[in-house]
Amino acid sequence: MRVLFAVFSLIMACQAYDAVLFSNSREIGGTPAAKLVESATAEEPVVFIVNPDFTLGQFSVKANAYTSEPSADYLAKSVKNSNFHESQYFSHQIEATQAQWLSSADQYSAGSPIYIIYGEEWTSMEQLAEQLISKIDNSVGIITSTDAVAHEKSSRVKRVATDEFNSDSENSAAAEANGGFPFPLVIPPYNQTFYSVKPTNGHSCLFYLEGLTVVVEQKKEKVLYYANAYIPGSNFTWAYSETDVTCPNGTIGDFIFKIHLTLENDITGMQGTSKKAFTMKKGDKIDFDLTFTGDLFGYWALNKASASNLAISGYDPYKSASVDGSKVVNGSATQYTKLNSVAGWSLACGQSQAVFFPTNEQSVRIGVALMNTQIQLFNYQNPEKWVESAHFTLQTEDCTGTFSSGSWMGIVSALVLIAGLMFGYVMLQSVQTMDRFDDPKQRQIVINVRE
């Protein structure tokens with residue numbers, strides 16, 4: 001079923017970012033652009049050369065790929081004459097939020113691991129690259145679209161917001177969150193009395209939440225101790241601002257939900273059923289972001305999470321700890337949460353696995369698990385009905401799946417009992433009784449023993 005929907009989603013919305021990579025000093029064959037960015041240093045930097053309309057077709061035209069005449073374009077010649085070069089594509093944006101943005105030559109300063117050379121079209125991009133590339137030694141150049149690079153000045157996706165916000169600017173500063181709304185949490189808050197956001201065709205992401213479980217992991221003498229506190233929605237209020245949801249138009253890209261919660265009562269976390277481990281006070285705030293990524297193959301999953309406001313007060317032996325600043329986790333920290341599905345489907349989950357964030361105490365991590373949540377990234381079933389009334393699609397997957405751990409325990413236990421019963425039955429069937437009146441000299445009971 002997933003394969004069929006993956007194929008269908010490719011037909012509905014297939015988008016990827018083209019890129020041309022080149023370098024004179026570093027072998028780049030087969031290395032994804034994202035890996036090159038992760039390993040970039042000031043001594044071996046990565047230079048993005050971007051314009052909004054870049055495609056491989058545009059590069060082919062500039063390189064005179066369809067004629068026999070040599071190209072006079074600086075970038076085309078640089079790629080052709082480089083020692084290592086290749087073309088790539090990737091299905092979602094590459095994170096380069098700390099890159100040095102260069103839209104003019106006088107903005108350049110040496111020492112950055114990542115640069116972004118930006119032009120509004122090919123000619124301005126090429127001219128600026130010609131001025132700057134020679135100043136950046138041992139670099140890997142990546143010619144691609146502006147949309148392919150995640151940077152504050154290259155935001156490509158529209159924020160889901162009010163009509164007034166959309167008409168002003170996609171890149172306006174984050175508004176202050178308005179709060180005090182009762183649970184359940186639904187963002188964007190479409191057609192709500194307290195904060196009305198109008199549904200728009202093409203932007204159909206939704207996030208629903210009824211509660212949280214806060215999990216504390218503490219390491220002491222090479223042993224991990226866990227304590228948790230279930231916090232129902234009745235103990236929370238939530239807040240929302242116009243920039244709290246990032247919702248691309250399509251199934252491919254990064255979908256971001258920012259959650260702002262405030263505790264309405266004191267909470268006590270327990271180790272087991274009787275031992276107090278930590279507390280959270282009334283008025284404490286919990287702020288975290290969830291980034292779901294839709295890929296080219298028709299799947300989506302939680303790819304990244306960050307927390308900026310999360311703290312506990314511990315009882316001995318648990319330590320008090322807090323998340324200072326914005327802590328970002330990804331990779332193995334998010335891949336086991338079971339928050340994944342197929343393009344066009346929503347996901348319902350009674351309880352997710354916790355996402356753990358590092359704290360100011362090296363031995364303590366604080367995790368957040370979603371309770372009774374539903375997540376939708378893109379609903380292409382009924383776009384007209386969506387605009388009339390925002391809703392979750394009926395195509396919904398559950399994070400538990402058909403066979404849970406409890407189901408398998410029951411199935412295996414039943415199979416073992418059935419096997420024992422069958423073995424006993426077969427053994428009883430092999431017992432033969434003799435009629436002593438036919439031949440009183442024979443043994444009355446014969447039990448066959450087979451090797």
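Glycine residues also receive a Cβ, built from the backbone N, Cα and C atoms like all the rest.
Going by Swiss-Prot, these are the annotated features:
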{"type": "SIGNAL", "residues": "1-16", "note": "signal peptide"}
{"type": "TOPO_DOM", "residues": "17-407", "note": "topological domain 'Lumenal'"}
{"type": "CARBOHYD", "residues": "Asn191", "note": "N-linked glycosylation site"}
{"type": "CARBOHYD", "residues": "Asn235", "note": "N-linked glycosylation site"}
{"type": "CARBOHYD", "residues": "Asn249", "note": "N-linked glycosylation site"}
{"type": "CARBOHYD", "residues": "Asn330", "note": "N-linked glycosylation site"}
{"type": "TRANSMEM", "residues": "408-428", "note": "transmembrane segment"}
{"type": "TOPO_DOM", "residues": "429-451", "note": "topological domain 'Cytoplasmic'"}
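Within its own chain, the transmembrane segment (408-428) is flanked in space by no residue lying at least six positions past its ends with a Cβ under 8 Å from the stretch. The sparsest Cβ neighbourhood within 10 Å, among the listed glycosylation sites (Asn191, Asn235, Asn330), is found at Asn191. For Asn235 (N-linked glycosylation site), the nearest of the glycosylation sites Asn191, Asn249, Asn330 in terms of C-alpha separation is Asn191. Under the DSSP three-state reduction, Asn235 (N-linked glycosylation site) is assigned to helix. The two recorded residues, Asn191 (N-linked glycosylation site) and Asn249 (N-linked glycosylation site), have Cα atoms 20 Å apart.
When the alpha carbons of Asn249 (N-linked glycosylation site) and Asn330 (N-linked glycosylation site) are compared, the span between them is 24 angstrom.
In the predicted model, the topological domain 'Cytoplasmic' (429-451) has a mean pLDDT of 64.
When other Cβ atoms within 10 Å of the Cβ of Asn249 (N-linked glycosylation site) are tallied across all protein chains shown, the result is 16.
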